[in-house]
Amino acid sequence: MTHKLSSEVAFLDCIDRHFPNSHAHLIIGRGDDCAVLACPERICLSSDLFLEDIHFREQYFSPEDIGYKALAVSLSDIAASGATPLGFSLDLMIPEGRNPAYWDDFFGGMASLAQKYNVPLAGGDLSKSPILGTSVTIWGAPTRTAGGTPVFLSRTGCSEGDIIFLVGTLGLARTGLYALESIGRNAVDEYPAATGAHLRPVPQLEAGQLLSAYSGITLMDLSDGLARDLPRLLGEKTTASADKPSAKGASINITTDMLHAEQLSYALEKNLDPVLEAFKGGEDYALLGTCPASIFAELSVKLPQIQKLGIVTNNGKIIMNGQPVTEHGFDHFA
């Protein structure tokens, strides 16, 4: 018989071993009916679900990977706001059959990321469930101007002629997902960078905070792939297509020299178009944004990893490498 945590108290003790309950942000932390938080006058707030067999598979996600990524995807939203994370809450769906070592590993993966960014766990909820799942709600503090005005970045407001840029990788996580789905955990050895991008994405918090110091920036978390998210950045809530153009357009160029060697080798092996796969992407957790052309050179110095993808146009179409885009990208309900 599988040994398991014997009670809710034992489960909470496991959480307490990994997450300190004392922090400058926590006036009253876990263990009360409500947490009491020390907050600025404005905060940004985001929530993400992370569900077994929807967002991850235990066949190739380790418990540490699951805990890490459940928090990482929420930190990526904070990065897109140009904010500093303050704290988070965790709602956890708990299935049968996981032993205490599993949960120590799960919380260890999550806590390693929380400690890196000094983000306390303020509270949450637990429930039995037929599947494993998490809901993380996270909040953050704004960057401030020299005059003290709070600044949060938004995905809206780009203008014709703005530069479209990326901070992070494009499509590498998609290659990792394909490899993991195809050969399981063995893919970690064969495609370490690609599987790492999928299993343990790196939130671009420092880049988001740096970008928030500039005027005219629009920014969003690239989670559903460039094919899906670029139209959103341009003003369309769904996608670009021939009968439903984006409010603005874009002319972008993606070349193989912008892609990781593992993307190219996997595409060659599977007879895929690496550029099209990168465009479709998904779960990159990079930052996709626009800026006035006049400041891009300075941003390139401050953020050497920034990549120019193209420019915003006013023709309502997305053109990639000189050709109209027909790929719609990922849809949660398709």
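Numbering starts at 1 and runs along the chain as displayed.
Note that Cβ sites are derived from N, Cα and C of the backbone, with glycine treated the same way.
According to TrEMBL, the protein has these features:
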- 31-130: domain 'PurM-like N-terminal' (DOMAIN)
- Asp33, Asp77, Asp221: Mg(2+) 3 binding site (BINDING)
- Asp33, Ser46, Asp77: Mg(2+) 4 binding site (BINDING)
- Ser47, Asp48, Asp125: Mg(2+) 1 binding site (BINDING)
- Asp48, Asp77: Mg(2+) 2 binding site (BINDING)
- His55, Glu283, Phe330: substrate binding site (BINDING)
- Gly124, Asp125, Arg155, Ser223: ATP binding site (BINDING)
- Asp224: Mg(2+) 5 binding site (BINDING)
*To the nearest whole angstrom, what is the C-alpha distance linking Asp33 (Mg(2+) 3 binding site) and Glu283 (substrate binding site)?*
35
*When you look at Gly124, Asp125, Arg155, Ser223, which the record names as binding ATP, what is the longest CA to CA distance in angstrom?*
31
_Across the domain 'PurM-like N-terminal' (31-130), what does the mean pLDDT come to, as a whole number?_
96
*Hey, of the binding-site residues listed (Ser46, Ser47), which one tops the CB count within 10 A?*
Ser46
*Between the binding-site residues Asp48, Asp125, Asp221, Asp224, whose Cβ has more other Cβ atoms within 10 Å than any of the rest?*
Asp221
*Say you check the Cα of Ser47 (Mg(2+) 1 binding site) against those of the binding-site residues His55, Asp77, Gly124, Arg155, Ser223; which is nearest?*
Asp77
*Can you check which residues sit near Arg155 (ATP binding site), meaning Cβ under 8 Å from its Cβ, same chain, 6 or more apart in sequence, and list them in order?*
Ala80, Thr218, Leu219, Met220, Arg232, Leu233
